[in-house]
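Note sheet for the following structure.
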Amino acid sequence: MLDTLLINIGQLLTMDQEDGLLRREAMNTLPVIENGAVGIENGVITFVGTAEEAKGLQAREVIDCGGKMVSPGLVDPHTHLVFGGSRENEIALKLQGVPYLEILEQGGGILATVNATKQASKEELVQKAKFHLDRMLSFGVTTVEAKSGYGLDDETEWKQLEATAQLQKEHPVDIVSTFLGAHAVPKEYKGRSKEFLQWMLDLLPEMKEKQLAEFVDIFCETGVFSVEESKEFLLKAKELGFDVKIHADEIDPLGGAEAAAEIGAASADHLVGASDKGIEMLANSNTVATLLPGTTFYLNKESFARGRKMIDEGVAVALATDFNPGSCPTENIQLIMSIAMLKLKMTPEEVWNAVTVNSSYAINRGDVAGKIRVGRKADLVLWDAYNYAYVPYHYGVSHVNTVWKNGNIAYTRGEQSWSTATI
């Protein structure tokens, strides 16, 4: 007997087409079962099909979804989840046209977050991150990547990673940990970036032994770390058994996309300034292009990543919030879906695949997350929507009704749902 049977699902978005990364037309294809049903037993999906095919199945709990849509839990593959403080005091300065470097000189910018993170205890960081994780869950996210990077020293980086490890044990959302010690060059290492990178590399053996990070990341950008420094750093991390990511070409076409493809990074992230050659190399690689349009939007920039071109050229594109206190303070992955549709010229189908299938591969979870398939864990979202296009179309709010994590209800809107409303 099943534990739970979901029936009367108007659109069941299984996302279950070919295995592996989705490109080109596959990104624009959504496997949908009309009038679907899903069976769950011991936290695992044991039945996927039509309501007609589900007749005769017995379950301890039968949930009538009222003709609404069900999808896999969403995957957010790029966040800076664990940090201290906030930076709302900088908004007025930015609106007045104060340059970022001047804000830095006043102790603001990333330095403000670094200082606040250093001052916070591990438990304070954990409790703050739980608040943000709860919000992510309420937007339908069941798997998330979380980076360190607000320490720029060994003690605080360890603290962030240990906070992430505690969150992995205490919160229902699955968390994939990334070490981003090479987020910036500290003032005391100005002009000595290679020495700083060596310091960060020296932390990796113990980090691997304690299993505090699965990925290593670096910020490859003008004035931070060069392409050659980034490649050398990440290749050494790979030699130690880590998978790697790269903050690439966020501002300038520096060659970060090319470097990511060349070294076999799991993902290259941002890519606003990626060159034509970089896009071509990504298309011919297994590196996911994780685009972060919410950051471009919040920074009030005119030029967004060329998502349409990337998909047309054959790049496997994912979307993420880039949740962080400075350049994208939002946990709302649904808002990112809307911005991607409007500013990256992605179709609703491409957007959905970019927050499920491809985003799961960006963090090496393609075999466990992002699809509704028999044998996979029951990470599911019931939406207050009757078709998939409605979610990115009606922007700025959450359309989530209920989230199941490993077959258990982890979030529900409860009586506030407009279940009887007509769209």
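Glycine too: its Cβ is placed from the backbone N, Cα and C atoms.
Per Swiss-Prot, the N-formimidoyl-L-glutamate site holds N324, G326; the candidate it also names there, chosen from Y150, Y189, is Y150. In the record from Swiss-Prot, residues H78, H80, H247 bind Fe(3+); the candidate from D3, D154, D322 listed for the same site is D322. Listed by Swiss-Prot as binding 4-imidazolone-5-propanoate are R87, Y150, H183, S327; the candidate from E250, E258, E262 that the record includes in that site is E250. Proximity to N324 (N-formimidoyl-L-glutamate binding site), defined by a C-alpha to C-alpha distance within 10 angstroms, is shown by the following binding-site residues from H80, H183, H247, E250: H80.
Only G326, from the binding-site residues H78, H80, D322, G326, place their Cα within 10 Å of the Cα belonging to R87 (4-imidazolone-5-propanoate binding site). Of the listed binding-site residues N324, S327, the Cβ environment within 10 Å is emptiest of other Cβ atoms at S327. Summarising the environment of H80 (Fe(3+) binding site), the number of other Cβ atoms within 10 Å of its Cβ, over all protein chains shown, is 24. DSSP assigns H247 (Fe(3+) binding site) to a strand.
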